[in-house]
Structure formats: structure tokens, C-alpha cells
């Protein structure tokens, strides 16, 4: 009986190994059928044969051939459905690969790439309880996998995919990443920012920003002043690159660095850099090598988006300021942009939207006078109403309302503004003046809150 059992097991292994080859057939429907058959037999084969299958799957997952990746996906999906307990034994190996595939870029209008990503996301949801749980359980394996790809993979698109995976991973780690771990991770990544701008490299800069946001104060505690300065220097260099899409990622990373550590010196640099970028963007005489192959509408859209990222970077970074004198300088810069009638309306909208978030969270050491900022917001609201962009005007008023309520952080000389509020069409239509009066923020005999 024992001899017969061995014969049967050997034959099952032979059949199983033959079926493995079928999972890589050229015909997609054939691959799917073989993957299903393999999953049903997997429970009865030897550990060695199942390991051979998993080696094939892992090899196909890292291949540059999309059809091989699809083959691996079919096998994993079938194994998950029919023998999930066997697949769990290889979770540490499989999970990083599948996670990587969920970070594919979906090309706008490309239904095939959209469907491909959705299928990987479906598989991901089948093999893990949640992304947060997977990151928590396999954090070390995922980070090691990402670093290996970034250092050793020659395919730019795969590197970009790994960078997006890192951003996702760090986002789910939240405050669970220690300063030492974050510093170690950045010691691998920051040197990779040097050199040419390869396709998708901005994703790597975004990942760096995510690490700052996740572990900023802890990083400041473990870095020396020299190390902090070195990182700041790298960020300034990348944010100053000529390619707008890449420079925008650099600006956002510098902003995250300034806000998370916090590091006021980076805010000072951003105030000057954004001013320079705005000047160049609005000056038609500024030369642009990328302009030659673009029509005017494409170039304008590209510059407008760059200005959006500039405004977001600046406003977010201002939260790093705690001293009143520093805050006043930054507020002055915001007033200039709100009042600039040549600045793209999308950039102003980004400024106002981000400012609404900042007005809720900013904690300066002393009360900051925001009278000029509220006046600039009121003028911007009027401008947006005249341009038939009422929703943006309402956002301006929302910021004013939030600033008015934050008596712990902001002061306003309301009597200097009362006449303008009384005569403002957008304020009267919104009923905001009555709201402010009911809060006793605007009175006949008071200069401040």
C-alpha cells in the first residue's frame, strides 16, 4: 500500500510539473485553465513540486513580459481560491510582488491598463485583509523589496512603480516608522536622486516627501545639523531642475521637509524660489526649451499646473513658521499672489484651498495679524465672482471665516475692513457680514478681535 501511495504521489508530481509549463502558454484562455488545474492539484503534490511552482510564479512576476505577469496572476488567483492555506506559506515572498503590481500607472483613456490594474487590486484584496494590515505585518520584506528594485532594476517604469509603492507603504505606516528607520531608508534613497531625470523619477521624489511627512520630528531628533543641511541641499537642487513636472515634485518634497521636521530655513528658500518661478512663468520673454515642440494651449496648461504646485508647496510650508515676524513675511507673499491678476485662477484656487487647511492647523507662538491677508482674500473673492467662479469665491470666504474664529492664533483689525465688507457684493450675497457681526468680530468700537 505504501509503495502504491509513493507511485501515485510521484505521478501526481509529474502531472503537476507538466501543468506548470501550461500556465505559460501563449493562449491566455489556456493559461487560465492550466492555472485552475494546478490549483486543484496543489494540495496533493510534494512540497518540492509546489515550491517549483512558486519559483516559476515569482520569476514571471519580475519579468518584463506582461503576458508572463498575467500568467502568474492567474496562478495566484486560482491558488487563493482553491488552496489559500498553501499560498499563505509564501506570503512574505508573494505579497511584495503583488503589491508592486497594484501600483501600476493607469493611462488616461486606456481601458486595458485600467482593467489590468483592477485585476491586480482584486487579487491583492483576496490575499490580504487590508493594505494597512499587510504593510504592518510585512513591513521589512516590502521595504527591502522596494530598495532592491530601486537599486538594481534597469527598467525605469518598474523603478517608478516601486517608488509609488514606497509612497503607499509609508502612508500606511503613518507614525509607526521610527526616526532611525526613516533615516536609514532615506540614506538609500537620497543618493538615487542624483543624475539624469529618468521617466517617472518624480515618483521617487514624492516617496521621499512621504517619508518626511511620516517621520519628520523623529528624523530631526536623529539627524545632526550637518545631515539635515545635506538633505536640504539635495531637495533644493532637485526642486530647481528645469523640467517642470520634476521640479514640482521637488518643491512639494521641500515643503514636506520644512513642515514635518519643522525646518524654517526651507520655508525661507521656498518663499524666494516660488517668487522666482512665478516671475518666470508670467514673463513671456523667459526662454523655455520645452516650448518649441508645444502649442500655446499645451504650454499654458503645463505652466498653470506648475503654478498650482508652487502655491501648494508654499502654503503648506508656512505651517513650519512659529515666529510672528516670519509668518508676516510669508503672509505678505500670499497677499501678492492673491492680488496678482495675471496669476492663473487654478493657482489661486490651490492657494486658497491649501490655506483653508493651514488656517485650521497652524499654531504660531504668538497671535499673528492677518488683516492684510483677509483683505486680499476678499479682493480675490470679488475677482472670482466677476470671472463666474463663485465656488472659488466661497472658498475665499471660508478661509476668512476660519481665520476669524481662530482667536487663539490670529488677530484682525476689523474696523479697517468693515467698510469693504459692507460694500462687498459677494459678502452680502453670502450673508457673511451678518455672521461676523453675530460673532461680534466686526464692531463699531473695536480695532481688533
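In case you wondered, yes, glycine gets a Cβ from its N, Cα and C as well.
Since the structure is predicted, the reported quantities are computational estimates derived from the model, not experimental observations.
Residues or ranges marked as domain 'Proteasome adapter and scaffold protein ECM29 HEAT-repeat' in TrEMBL: 11-57.
Cβ atoms under 8 Å from those of the repeat 'HEAT' (15-53) belong to residues 9, 60, 67-68, 70-71, 74-75, 77-79, 81-83, 86 of the same chain, restricted to positions at least 6 beyond its ends. Sequence annotations record features per position, and here TrEMBL assigns repeat 'HEAT' to 15-53.
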Helix-strand-coil residue split for the domain 'Proteasome adapter and scaffold protein ECM29 HEAT-repeat' (11-57), DSSP-based: 40 helix, 0 strand, 7 coil
On average, what pLDDT score does this prediction assign to the domain 'Proteasome adapter and scaffold protein ECM29 HEAT-repeat' (11-57)? 90
